Amino acid sequence: MAWNTWWLYVTAVFLISATPGPNMLHVMVNSIQHGRRRTLASMAGLMTAVLLCLFASAMGLGALLKASPRLYDVLRYAGVAYLIWLGVKAWRAPVGAGTVEVPRTRSLRALYATGLATGLSNPKLIVFAAALFPQFIDTDRPFGPQLAVLIASFAVIEAFWFGVYAQSGRSLAAWLAPAARQRLFNRLTGTLFIGFGAALLGSRI
């Protein structure tokens, strides 16, 4: 892969990853509620999901999903249900005056699992990677090293934006201390998660 090709790929992924979506919203909400340090567990779960989707796409699952709309729909409906459940949960989340952080009753394992499930809720990443990677693969060079560079670059960029959204969440925490603002934020994030689920429901390969 030529350097100019890699830079084009990095630019495209950087802009795509910056776009708010379920993963970034999940990072921001967890940063507000649990703090940056504990949010690392959620970020690790999300990153695991991203890597699994990218590797699955590289191994041919993306092509399989495109060839089998029924299988894609099964995964899509499961993702829709999970995102809507997250939305309802956020909408109904309790509020407390003076602090927006929730008691630290959730283990790091639970935070990781929630991040993993959120990251896996959208099978479109697999199809997206299957369409994106071939545009930057040089067929005259070894496939494995190029794929490793593409996946590693994607992961680094995604981690960078996770950090940006986590920091943004902590910056909002003080402003969200009043109960009325917490309630408004919970309902806004709940609506966004439900909206992401509805968008996924209406999407096609």
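If you go along the chain as it appears here, the first residue is 1 and each next one adds 1.
Including glycine, each Cβ sits where the backbone N, Cα and C put it.
Annotated features in TrEMBL:
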- 6-28: transmembrane segment (TRANSMEM)
- 40-62: transmembrane segment (TRANSMEM)
- 74-91: transmembrane segment (TRANSMEM)
- 111-137: transmembrane segment (TRANSMEM)
- 143-164: transmembrane segment (TRANSMEM)
- 184-202: transmembrane segment (TRANSMEM)
Checking distant contacts: for the transmembrane segment (143-164), what same-chain residues at least six beyond its ends satisfy Cβ-Cβ under 8 A? 1, 6, 9-10, 13-14, 17-18, 23-24, 27, 43, 46-47, 50-51, 54-55, 58, 129, 133, 136-137
Are the transmembrane segment (40-62) and the transmembrane segment (74-91) close enough to be called in contact, which here means at least 3 C-beta pairs under 8 A that are separated by 6 or more residues? no
